[in-house]
Amino acid sequence: MTLTVSPTAARTPAEEKARFEGNKLAKRLARETTRAIADYNMIEAGDKVMVCLSGGKDSYALLDILLSLQKRAPFAFEIIAVNLDQKQPGFPPEILPGYLRALGVPFHIETQDTYSIVTRVIPEGKTMCSLCSRLRRGILYRVASELGATKIALGHHRDDILGTFFLNLFYGGKAKGMPPKLVSDDGRHTVIRPLAYVPESDLIAYAQFKQFPIIPCNLCGSQENLKRKEVGRMIQEWDRKHPGRSWNVFNALSRVVPSHLMDRDLFDFVGLKPTGVADAGGDTAFDQIDPEPDTAGPGCASDAPAGQADGMAEQRVVFR
């Protein structure tokens, strides 16, 4: 008689725990991605979603999660994976095609030598990211048109969105971030970021669980002096010392109150006048309370004892 040992019985307790935690993480990522897609109407029936696959952990996770969601979505949509081979030295051209064929996913590899352009134009020691991203974006828009893709899905996550916000805040003087969904400047393409609600730490753990064949970026990954890395370290330090702070900042990006900022294009401060009608959602904590007719009348502040009058003057200074 042959004894058959099931795969589950063959696992060690540590392996079983890792598998359990990995499956729990996968469910959480699917839930957060589904929520972002629904909140911003990222994917609709009949869409052809072009998933930009770089070979990094984020884009691998994005493709993996979207393929999983595609199987149980209440409507049909297509997925095609696209990789831009920028001819970086040491880039292994066989890894992604082999991975995608094994998954049975339609894919397209676009080969463009942007590496030579960037290294020729940008002086040594300077950051290459800006030019590289512009070149890459233009190529991907063209490929999307050629493939008939209706949505371009990028693997940016919560930390990328936060980092971009702080970069614009610190170095650009703008309260500007990285939106979960946008239309390209030429008005022809819709870009979506389904991982907008997912923290990078979860994607790191997911890549380890799934054992994605990660391809390092030798061009920008080696530029350790990037401001984005500095901002990333700041966010990590916050998460370590002040749990919840970075999430509060992230949540604030979707809870903007234009009347309490200073942008005259967002709110009409020039035409702002009292209406005599209380704002139900307003802050009335500092509104003056009308005095009772039988206890005080006009000029009550001047009739008050000296100490009390001084206190009122002090309050006016404090809250001015």
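Just so you know, glycine gets a Cβ as well, placed from its N, Cα and C.
What Swiss-Prot says about this protein:
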- 54-59: motif 'PP-loop motif' (MOTIF)
- C129, C132, C220: [4Fe-4S] cluster binding site (BINDING)
The motif 'PP-loop motif' (54-59), counted residue by residue under DSSP: helix, strand, coil: 3 helix, 0 strand, 3 coil
Which listed residue (C129, C132) has most other Cβ within 10 Å, given these are binding-site residues: C132
